[in-house]
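Read the structure below first, then the notes.
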Amino acid sequence: MAIARLIVENFRNISAVDLEFDHGFNFLVGNNGSGKTSLLEALFYLGHGRSFKSSVTTRVIRYDQPHFTLHGRIRELQHEWSVGLQKQRKDGNTIVKINGEDGNKISDLAHLLPMQIITPEGLTLLNGGPSYRRAFLDWGLFHHQPNFHSAWSALHRLLKQRNAALNQTYDYNMLKPWDMELAKLAHQVSQWRADYAEALSPEIEQTCRLFLPELDIHVSFHQGWEKDTDYAQLLTENFERDKAIGYTVSGPQKADFRFKSNGLPVEDVLSRGQLKLLMCALRLAQGEHLMAQKNRHCIFLIDDFASELDETKRALLAQRLQNSNSQVFVTAISPEQLKQMQPEKHRTFQVVNGQIEQLL
């Protein structure tokens, strides 16, 4: 999978650009604030329907414009798609088009464009709350298990309804029919997560040994309640407690994917540089797992490539990315920061105040 062409209009400080990319490496070079991260953000938005920097739509749309528009041409093997996304300032409405047809969902775009992003802020995958690590697992399942997205959506809808009902009823029999359905979905989603975590864990640990040979990294999945406990029974037993607190305490919404080094949480013992390498290892292992299992290449977006990595580690990451045969977008302040990442075929773009030009 690769983005062959991207048109961006009125996205942050980018008024209008029309760019053609290499199917391998694409370098975005410019000073801080020039717009290189904004281009990565536009690429991410096209593949996720949201920003990785802000949840406020008005901050993404260029200050004096009613909307932003993204158009892309995507290629995979012998297939090609045109995709488009427009976000309105006034009502926040999102329009998604695939091959010129309306009525598509953001999830349709996400399926077409499997993306991994590595940013300085991405350490929340390791030192943030469990929700970041659930999202990591669920990204993989979205691309590996065709029924996961619908089951996940139904699960969250039922949890929301149950939490609302907890504040309105004193009789558990009113909740029991919902809880039976909730328990079924919880077991299915948790089993998918457990199976995926089990399949991915050896690849993560192997990649960690390459990037961080001085450390012994182990991963483990926790489903959100005791492993051998029946979830339907647990919901019944916890009704009074859940009602007192106002929400469902246990369940797949509390799942976690934990990382430890020598028996201790990695966020407590690793330096920021080591955490960044571990984050890179996780993203790479997940992208490579997708390729191995589904024969689909992931697109990698890397912001501030040189940050907190020495030259040896930069070269190691660059070589692993080259070996993946994936499309890669990398930002840097200067070309010198990219000298470890110079494949024979690549494209370099200079970014200045929202203007982007390819360097020959």
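Backbone N, Cα and C define each Cβ position, glycine as well.
The ATP binding site annotation in Swiss-Prot covers Gly30, Asn31, Asn32, Gly33, Ser34, Gly35, Lys36, Thr37 and rests on sequence analysis. Asn32 (ATP binding site) counts 8 other C-beta atoms within 10 Å of its own C-beta, drawing on all protein chains shown.
Each of the binding-site residues Asn31, Ser34, Thr37 was scored by the number of other CB atoms within 10 A of its CB, and the lowest score belongs to Asn31. Put plainly, the binding-site residues Gly30, Gly33 were compared by Cβ crowding within 10 Å, and the winner is Gly30. The Cβ centroid of Gly30, Asn31, Asn32, Gly33, Ser34, Gly35, Lys36, Thr37 marks the ATP site; residues of that chain outside this set whose Cβ lies within 8 Å of it are Ser38, Thr331, Ile333, Val351, given in sequence order.
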